[in-house]
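As structure tokens, the structure follows; a few thoughts come after it.
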Amino acid sequence: MRLHALLEVLPFYKVQGEGNPAISNIANHHKKVKNGDLFICIKGLEVDSHSLAHIAEKNGAAAILAERKVDVTIPVIIVPDTKKAMAVLSDHFYEQPSHQLLLVGVTGTNGKTTTTHLIDQVFTSNGMKTGLIGTMHIKAGDELEVSHNTTPDSLTLQQTFRRFCRKGVTSAIMEVSSHALDQGRVHGCDYDIAVFTNLSQDHLDYHRSMEEYRNAKGLLFSQLGNTYYKKTPKYAIINKDDDAADYFIKSTAAHVFTYGLSEKADFRARDLQLNPSESSFTLISPFGEKEMVLSLAGKFNVYNALAAIAAAAAAGIPVEQSVKSLENAQGVRGRFEAVSEGQPFSVIIDYAHTPDGLKNVLETIQSIADGKIIVVVGCGGDRDKIKRPIMAEIACEYGDFAIFTSDNPRTENPIDILKDMEAGVVGKEYKLIADRKDAIKAAILQAKEGDIVLIAGKGHETYQIIGNDVCDFDDREVARQIIREL
Ligand SMILES: CC(=O)N[C@H]1[C@@H](OP(=O)(O)OP(=O)(O)OC[C@H]2O[C@@H](n3ccc(=O)[nH]c3=O)[C@H](O)[C@@H]2O)O[C@H](CO)[C@@H](O)[C@@H]1O[C@H](C)C(=O)N[C@@H](C)C(=O)N[C@H](CCC(=O)O)C(=O)O
Ligand SMILES: Nc1ncnc2c1ncn2[C@@H]1O[C@H](COP(=O)(O)OP(=O)(O)OP(=O)(O)O)[C@@H](O)[C@H]1O
Ligand SMILES: N[C@H](CCC[C@H](N)C(=O)O)C(=O)O
Ligand SMILES: [Mg+2]
């Protein structure tokens, strides 16, 4: 595609230099630039890549997109906001791939990964070839690759959709984080179905208030059903039991399916029975009643399953089929995952890293525990500080004994993070052990027959970020090794 043809979709821009070169691809990292590429300069929080434009030129860039003049000899297109322009240009350059897919976006504080995986399992067991984009990985059909963000930047996202289309994928299911919505990473995506799981405190380091955080999530629903896009019906799937439900319902022009335990929900669970390894209930939906046994523990997973059933119904999959698929559904790695080496107590690894997530998982554990509950938990560095004392308080309130340790301290001093946590637990019994392995060991050594050790916060992660170093660390492996050594 020639540069001028690519620029057709931009409302306005200025040009520095002359020429209409052929653009072979788009790159937003100077090291990824190849001959003939358009290099997009972005003033990020860490790096301002306008200063790298000359290296991109040396690496073969044919043109530059920037917010100001840069010192190169190739044409420079100047726009007010390169992040926004990147989304628009990527959508155009890769031929609007999201419009060719049945696109499902899931947002909410907790449950995005689980819900997307459940929807994926329903879709695939109904013969659809799917793509999945989220915290754990990017999956195209059977192929997996690592993901660097829960929701990739707009360029990577459109490239991923293009790859999905080339591989014959017909539906993409993706997690849509509030950061992504706020930063326009999903601008131009033509969602058919948008799902809201829940809203509770997180990321107040980034969003300045809960209202701003909620409003960012609301963008997924307000953008749904935009007439600019293809004219198939759009659906918003909303958790009716969440306090923010009405806000999301009001912000969308799409058809709404609600779900939850309340009688007002379109898809609801009645006569819920929660067991250590499964949950059974009567599913009531506009399509009738059905008994269901979900092979996942915890009330929160009933919500995730209801969301998946409602999303599948919006995609035209009969409820009976979804129920059948979900009865055989696999849990997601690092979510309520047991480490069993024949020890007389239980060890559960869970990705709970928000106050609400931790409370939910501990409530579930309380409902199945015979003995004591020992909680190992930390809070990520360079992230929301307000949640630290609250999570510590929840660990002490719902657990019998808590050990506060490091999660991913990143560039913060681990001891400072522990002090922030400690502020929430006046008069409670707990231990501070900054080294995560030592903390896990202390918890396991303390456990007696019938007890449950919860290791929270890092779930599937196989690394720990200390300073700027990413070190190998896997809660599951560490716990397994310690139990074996006992
Ligand atoms: C705070 C935040 O959201 N930062 C995101 C943001 O980074 P940024 O704009 O600051 O980018 P930057 O690193 O300064 O780089 C600016 C530009 O220079 C380019 N560059 C950079 C270095 C270089 O050597 N050469 C070069 O060309 C980069 O490619 C980029 O285009 O844009 C990047 C691309 O989209 C993201 O990868 C990055 O996520 C960082 C890694 C991050 O940790 N984000 C977290 C907070 C996040 O987004 N989390 C959510 C999940 C939250 C949840 O689950 O609830 C997520 O979606 O992942
Ligand atoms: N529907 C839910 N409501 C509340 N808590 C949940 C729900 N589903 C899962 N959780 C808890 O939150 C943790 C994270 O779940 P999951 O990975 O599905 O969420 P996520 O929204 O994808 O998280 P992230 O924002 O990090 O991507 C789980 O380990 C569990 O403890
Ligand atoms: N998506 C979340 C994941 C947090 C996981 C936790 N282990 C941490 O590092 O804080 C975030 O980036 O804030
Ligand atoms: Mg996730």
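Our numbering is plain: 1 for the first residue shown, then up by one each step along the chain.
Every residue gets a Cβ built from N, Cα and C, even glycine.
Automatic prediction, not curation, is the source of TrEMBL annotations.
Across the domain 'Mur ligase central' (106-312), the prediction's mean pLDDT works out to 94. The domain 'Mur ligase central' annotation in TrEMBL covers 106-312.
Feature annotation from TrEMBL assigns domain 'Mur ligase C-terminal' to 334-459.
Shown in sequence order, Gly334, Asn408, Phe473, Asp474, Asp475 are the residues of the chain, 6+ apart in sequence, with a C-beta less than 8 angstroms from the C-beta of Glu461 (meso-2,6-diaminopimelate binding site). The meso-2,6-diaminopimelate binding site annotation in TrEMBL covers Arg383, Asp407, Asn408, Pro409, Arg410, Gly457, Glu461.
Residues of the motif 'Meso-diaminopimelate recognition motif' (407-410) grouped by DSSP class, helix first, strand second and coil last, total 0 helix, 1 strand, 3 coil. What TrEMBL records for 407-410 is motif 'Meso-diaminopimelate recognition motif'.
Highest local Cβ density among the binding-site residues Pro409, Gly457 belongs to Gly457, counted as other Cβ atoms within 10 Å over all protein chains shown.
Residues near Arg410 (meso-2,6-diaminopimelate binding site) in space but far in sequence (CB under 8 A, at least 6 apart, same chain), listed by position: Gly380, Gly381, Asp382, Arg383, Ile465, Ile466, Gly467. Here the domain 'Mur ligase C-terminal' (334-459) is broken down by DSSP into helix, strand and coil counts: 46 helix, 25 strand, 55 coil. Report note: the meso-2,6-diaminopimelate site is defined by Arg383, Asp407, Asn408, Pro409, Arg410, Gly457, Glu461, and the residues of the same chain whose CB lies within 8 Å of the CB centroid of those residues, excluding them, are His353, Gly378, Cys379, Gly380, Gly381, Ser406, Lys458, Gln464, Ile465. Among the binding-site residues Arg383, Pro409, Arg410, the residues whose Cβ sits under 6 Å from any atom of ligand 3 are Arg383.
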